[in-house]
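Enquirer: I have a structure I would like to understand better, so I am pasting it below and will then ask my questions one at a time.
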Amino acid sequence: MAVKYIFVTGGVLSSLGKGITSSSIATLLQQSGYSVSILKIDPYINVDPGTMSPLEHGEVFVTCDGAETDLDIGHYERFLNKDFHKKNNFTTGQIYMSVIENERKGKYLGKTIQIVPHIVDEIKSRIKFAGEGSDFLVVELGGTVGDIEGMPYLEAMRQMKHELGGKQVISIHITLIPLMRAAGELKTKPTQHSVQELRRIGISPQILVARCEKNLDKELKRKLALSCDVDNDSVIVAQDTQSIYKCPLNFLEEGILTPIARHLELGELKPKMDNWDMLVKKIIAPKSNITIGFVGKYLSLKESYKSLIESLIHAGANTDTRVNIKWIDSEILVDNLALLYDVDSLLIPGGFGERGIEGKLEAIKYARIQQIPLLGICLGMQLSLIEFARNVLGMSEANSIEFDPQTKEPVIYLIENFIDSQGGVQLRTHTSPMGGTMRLGEYECHIKKGTKLYEAYGKQTLIKERHRHRYEANPHYRALFEKNGMIVSGESNGLIESIELANHPWFVGVQFHPEFTSRLQNPNPVILAFVKETLAHKKT
């Protein structure tokens, strides 16, 4: 069958859950037996989010092929239990860069370059490329209808509907139905205005998703259907819920597949959601609970750690455990070590820069001495080596050259002649451009037999995990570390990929980011092992 396109837009305001809605629709179609892909379009002019502050953008999600993408790509992978790639996310910056490069090469034969047709044609080309090989492509447009940045994309959507027809392209619009608490009344006017704005552009949505705090009655649904020119069964309620993973089940119950099937001329859709339903029930009402101390520095925007938070939920669902996160600000921890006393384990996530480092080092020292489970990820692993070097090996000046370029004991250093995932050699220095110059994407890791990592990965000796870092553990110190009980449990082409303490119940550090490959139906092995170990050592 020809690829069918489902365009998802948002109105009234941002952060309505377009990513979760897109993921949920794609999941229901996938579980109905179709092959489904998703594309996220980001209208900002940055080439990618790789150099954006986590506090500005949230998490940067890394795909298996090394793309630094929007965090919604993480939702897509976690819901559909499949890998996505560079082609599944593009920005206005990439569109303009491509068009300008083509103009410089003379590919437009001297014509004046304009938004229409050149920019819009490039957008349509990338949308179609993302859908190749799939039955469905769900396209999520970031931002809000009416934003000037989104206009070329809406024009591209309008043209695709005109070119391909209503049996191959549908539009789903998500809006907010605010609750006026003083009157206890839901208001539909913002939604009506949002749809009017979309129709002025030339797009009439076939399905309306109403995000709201409480359910809509039949009269409100009828009113929305009439004013927004959609069928009565095409007003779908997206009510606030206890878990994002319940959303596909809620949409299924609301009947969203009925108008989708009708407009795209599909047969009856019967998704198989039994296993999904079972896991959701374990998220909402688990038998056990644990508390993990999450020592970070981007705590004012917890979406900076989105994949890691979700990976703990996945591990919890698969162990029937509620994972409670105690957020601990590493910048205030040095003078407040009592914050660590009531947690069952500690998690030290990745990050960049010197701010908050001393607090993380104190947390690592506490876990090492008190024998409580610890998982250090990326920077967390590097700091575990620095803490061990300073407090066990007596190397008081041990540091990373990221924090002290002149350190006499560079336990963590920068590889200048770096071999990337395609086998190419990149020259890297402190002055190299920030964007795209890190170790990015999926790399192999050889695991040492008999280690905790070996057990976590089901006694596999070769795994693949994703990376996003610039600095590495210095192999010059490896023999000294191992002689004193810090085991190198994983490596890749001579690079140290994972470490663990010999005389400790569970003290593991990994240079890769296991959270990027965790899925609800397939939790990452090292995250799952960490949660299981935390449960085993839970404080009574």
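Backbone N, Cα and C atoms are what each Cβ position is placed from, and that goes for glycine too.
The region 'Amidoligase domain' annotation in Swiss-Prot covers 1-266. Sequence annotations record features per position, and here Swiss-Prot assigns UTP binding site to Ser14, Lys187, Thr188, Lys189, Pro190, Thr191, Gln192, Lys223. Residues or ranges marked as CTP binding site in Swiss-Prot: Ser14, Asp147, Ile148, Glu149, Lys187, Thr188, Lys189, Pro190, Thr191, Gln192, Lys223. Annotation comment: Swiss-Prot describes Ser15, Leu16, Gly17, Lys18, Gly19, Ile20, Asp72 as ATP binding site, evidence class sequence analysis. The annotation Mg(2+) binding site is assigned in Swiss-Prot to Asp72, Glu140. Feature annotation from Swiss-Prot assigns domain 'Glutamine amidotransferase type-1' to 291-540. For Gly351, Leu379, Gly380, Met381, Gln382, Glu402, Arg470, the entry in Swiss-Prot reads L-glutamine binding site, with the evidence type sequence analysis. Positions annotated as active site, nucleophile by Swiss-Prot, on the basis of sequence analysis: Cys378. Annotation comment: Swiss-Prot describes His513, Glu515 as active site, evidence class sequence analysis.
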Enquirer: Which are the residues of the chain, Gly351, Leu379, Gly380, Met381, Gln382, Glu402, Arg470 excluded, whose CB is within 8 A of where the CB atoms of the L-glutamine site average out, their centroid?
Expert: Gly350, Phe352, Cys378, Leu383, Ser400, Ile412, His469, Tyr471
Enquirer: Mind giving me a neighbour count for Met381 (L-glutamine binding site)? Other Cβ atoms within 10 Å of its Cβ, every protein chain shown.
Expert: 27
Enquirer: Return the member of Leu16, Asp72, Lys189 nearest to Gln382 (L-glutamine binding site) in space, with distance defined Cα to Cα and candidates limited to these binding-site residues.
Expert: Asp72
Enquirer: Write out the long-range same-chain contacts of Leu379 (L-glutamine binding site), meaning residues 6 or more apart in sequence whose Cβ is under 8 Å from its Cβ.
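Expert: Ile348, Pro349, Gly350, Gly351, Phe352, Lys360, His469 - these are the non-local Cβ neighbours of Leu379 (L-glutamine binding site), listed in sequence order.
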Enquirer: Quick one: give me the count of other CB atoms within 10 A of the CB of Ile20 (ATP binding site).
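Expert: Around Ile20 (ATP binding site), other Cβ atoms within 10 Å: 20.
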Enquirer: Tell me which of the binding-site residues Leu16, Asp72, Lys223 ends up closest to Gly380 (L-glutamine binding site) in space, Cα to Cα.
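Expert: Checking each of Leu16, Asp72, Lys223 against Gly380 (L-glutamine binding site), the shortest Cα distance is to Asp72.
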Enquirer: At 10 angstroms around each C-beta, which of the binding-site residues Lys18, Lys189 has the fewest other C-beta atoms nearby?
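Expert: Ranked by other Cβ atoms within 10 Å, the binding-site residues Lys18, Lys189 bottom out at Lys189.
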Enquirer: Report the same-chain neighbours of Thr188 (UTP binding site): residues 6+ apart in sequence with Cβ closer than 8 Å to its Cβ, ordered by sequence.
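Expert: Residues satisfying the criterion: Ile177, Leu220, Lys223, Leu224, Ser227.
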Enquirer: Work through the binding-site residues one by one (Ser14, Ser15, Leu16, Asp72, Lys189) and name whichever has its CA nearest to the CA of the residue listed as 'active site, nucleophile'.
Expert: Asp72
Enquirer: Fewest other Cβ atoms within 10 Å: which of the recorded positions Asp72, Glu140, Glu515 wins that one? Let me know.
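Expert: Each of the recorded positions Asp72, Glu140, Glu515 was scored by Cβ atoms within 10 Å; lowest is Asp72.
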Enquirer: Out of Leu16, Ile20, Glu515, which of these recorded positions is nearest Lys189 (UTP binding site) by C-alpha distance?
Expert: Leu16
Enquirer: Compute the C-alpha separation of Glu402 (L-glutamine binding site) from Lys187 (UTP binding site), stating it in Å without decimals.
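Expert: Distance between the two Cα atoms comes out at 52 Å.
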Enquirer: Please give the L-glutamine site's span as the largest CA-CA distance among Gly351, Leu379, Gly380, Met381, Gln382, Glu402, Arg470, to the nearest whole angstrom.
Expert: 14
Enquirer: Can you tell which of Gly351, Gly380 has the most other C-beta atoms within 10 Å, given these are the binding-site residues?
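Expert: Selected residue: Gly380.
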Enquirer: Which residues does Pro190 (UTP binding site) neighbour through Cβ under 8 Å, counting only same-chain ones at least six apart?
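Expert: Long-range Cβ contacts: Gly11, Val12, Thr175, Leu176, Ile177, Pro178.
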